[in-house]
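So the structure is just underneath, and the comments pick up after that.
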Amino acid sequence: MKIAVVGAGSWGTALAKVLSEKGHEVFLLARRSEVAEAINHRRENPQYLPGIILPAELQASVEPEVLRDRELILWVVPCQSLRGVLKSLRDYLGSDTPMISAIKGIEIESGKTPFEVLQEFFPENRALMVLSGPSFALEVANRLPTAVVLAGEDEKLVHSFQEALSLPYFRIYRSLDVRGVELCGALKNIIAIAAGISDGLGLGLNARAALITRGLSEIIRLGVKLGAKSITFSGLAGLGDLVLTCTGNLSRNYTVGFRLGKGEKLSEILQDLHQVAEGLKTALAVKKLSEKHQVEMPISEAVYRILYEEESPAEVLRKLLSRPLKAEFEVLPL
Ligand SMILES: NC(=O)C1=CN([C@@H]2O[C@H](COP(=O)(O)OP(=O)(O)OC[C@H]3O[C@@H](n4cnc5c(N)ncnc54)[C@H](O)[C@@H]3O)[C@@H](O)[C@H]2O)C=CC1
Ligand SMILES: O=C(CO)COP(=O)(O)O
């Protein structure tokens with residue numbers, strides 16, 4: 001298959017490597033020519049995946065022309081950049097070319113997920129899909145066993161792409177709950193920031209386990225209100241990715257939280273963060289969505305206050321721990 005991956009950051013590069021190893025003809029569309037040149041000439045993306053040797057067959061380019069004859073496009077740019085990228089590339093794209101978003105976020109302005117933004121640009125396209133799940137780019141690039149989930153509305157289509165894109169070390173499960181899979185990937189990043197803060201404060205493993213579990217509970221509440229199936233949250237995109245990013249120090253979101261917990265200011269952290277930590281922006285989008293839909297999200301709200309209202313992590317923690325005691329489970333629709 002002729003494939004293009006748009007976005008030559010760590011995840012775009014790792015996915016392009018997987019697809020190239022599967023035998024597809026892959027173009028990686030980069031924004032900067034030095035990134036494309038390094039991939040083509042040194043077989044490496046030194047800024048985003050240093051030390052990983054890329055397949056000789058994988059080609060990189062900054063020319064949108066390479067999108068013209070592709071049979072599948074993967075979108076792997078930061079969520080808040082997707083709209084601008086689509087505006088600039090739309091003329092090079094077929095209206096019904098199969099597309100997969102591997103982006104984990106929610107647009108701040110519109111409250112839309114990447115899938116919804118793609119639908120806005122390609123309203124006739126019935127071949128839009130979402131890829132999510134626990135998958136650190138570096139581990140995938142090192143061919144360590146990984147399981148992810150591909151979701152789409154057309155079961156036959158999703159099934160065919162599941163077969164076409166899987167490798168023994170990159171196992172793709174399939175789902176029809178696009179909304180759920182996509183919201184899981186976006187919302188878990190805020191909980192990962194919270195887990196990082198907790199670890200940075202030295203609150204221990206009990207606290208982190210409680211954060212993951214109560215975090216899951218609140219992201220299910222919002223997700224279900226927004227049309228997701230609650231069972232999806234117990235799958236790879238939900239619990240799987242929550243566990244990975246809340247416990248793995250390869251996570252950018254967790255790392256931002258950890259540094260906040262250690263007392264650094266967000267402005268200082270942003271200065272040397274050279275990759276996207278989607279949870280920072282998703283926290284803004286979720287603040288608006290949770291208020292609009294009247295969903296209680298104490299952990300996401302706490303992260304928002306630390307990030308944007310300069311409340312100290314210790315003060316936010318004090319407030320979280322003095323919330324009224326309640327029943328563990330509300331009745332949730334399946
Ligand atoms: N890195 C990982 O392990 C994983 C990342 N993701 C998701 O993939 C998405 C991309 O993340 P990463 O590759 O990790 O980010 P990154 O920060 O490593 O790279 C982002 C890439 O997008 C490009 N970019 C940014 N703005 C652009 C614009 N306006 N036009 C064109 N290109 C632009 C950058 O130049 C860079 O190449 C995020 O939504 C992230 O949550 C999902 C699974 C795993
Ligand atoms: O989503 C990820 C792994 O599944 C990557 O997490 P971070 O964006 O926090 O690094």
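Just so you know, glycine gets a Cβ as well, placed from its N, Cα and C.
According to TrEMBL, the features are:
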ACT_SITE  LYS188  active site, proton acceptor
BINDING   GLY7, ALA8, GLY9, SER10, TRP11, GLY12, ALA137, ARG252  NAD(+) binding site
BINDING   SER10, TRP11, ARG31, ARG32, TYR48, LYS104, ALA137, ARG252, VAL276, GLU278  NADPH binding site
BINDING   LYS104, GLY133, SER135, LYS188, ASP241, SER251, ARG252, ASN253  sn-glycerol 3-phosphate binding site
BINDING   LYS104, ARG252, ASN253  substrate binding site
DOMAIN    2-157  domain 'Glycerol-3-phosphate dehydrogenase NAD-dependent N-terminal'
DOMAIN    177-317  domain 'Glycerol-3-phosphate dehydrogenase NAD-dependent C-terminal'
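Feature map: TrEMBL annotations on the structure.
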{"residue": "ALA8", "record": "NAD(+) binding site", "Cβ contacts under 8 Å, 6 or more apart": "ALA16, LEU28, LEU29, ALA30, ARG31, VAL35, ALA36, ILE39, ASN45, TYR48, ALA60"}
{"residue": "GLY9", "record": "NAD(+) binding site", "Cβ contacts under 8 Å, 6 or more apart": "TYR48, VAL76, VAL77, PRO78, GLN275, VAL276"}
{"residue": "SER10", "record": "NAD(+) binding site", "Cβ contacts under 8 Å, 6 or more apart": "ASN45, TYR48, LEU49, ALA137, LEU138, ALA141, GLN275"}
{"residue": "SER135", "record": "sn-glycerol 3-phosphate binding site", "Cβ contacts under 8 Å, 6 or more apart": "TRP11, THR146, VAL148, ASP241, LEU244"}
{"residue": "LYS188", "record": "active site, proton acceptor", "Cβ contacts under 8 Å, 6 or more apart": "LYS104, GLY215, ILE219, GLY238, ASP241, LEU242, THR245, CYS246"}
{"residue": "ARG252", "record": "NAD(+) binding site", "Cβ contacts under 8 Å, 6 or more apart": "LEU273, GLN275, VAL276, ALA277"}
{"residue": "ASN253", "record": "sn-glycerol 3-phosphate binding site", "Cβ contacts under 8 Å, 6 or more apart": "ASN189, ILE190, ALA192, ILE193, GLY196, THR245, ALA277, GLU278, GLY279, LEU280"}
Among GLY9, GLY133, LYS188, SER251, ARG252, the recorded positions whose C-beta sits under 6 Å from ligand 1: GLY9
Of TRP11, SER135, LYS188, ASP241, ARG252, recorded positions neighbouring ligand 2, Cβ under 6 A: SER135, ASP241, ARG252
Across the domain 'Glycerol-3-phosphate dehydrogenase NAD-dependent C-terminal' (177-317), average pLDDT on the 0 to 100 scale: 97
Helix, strand and coil counts within the domain 'Glycerol-3-phosphate dehydrogenase NAD-dependent C-terminal' (177-317) (DSSP): 107 helix, 0 strand, 34 coil
Count of other CB atoms lying within 10 Å of the CB belonging to ARG31 (NADPH binding site): 14
For GLY133 (sn-glycerol 3-phosphate binding site), nearby residues of its own chain (Cβ under 8 Å, 6 or more apart in sequence): THR146, ALA147, VAL148, VAL149, TYR173, GLY185, LEU236, ALA237, GLY240, ASP241
For SER251 (sn-glycerol 3-phosphate binding site): intrachain residues, at least 6 apart, with Cβ closer than 8 Å: PHE136, ALA192, GLY196, LEU244, THR245
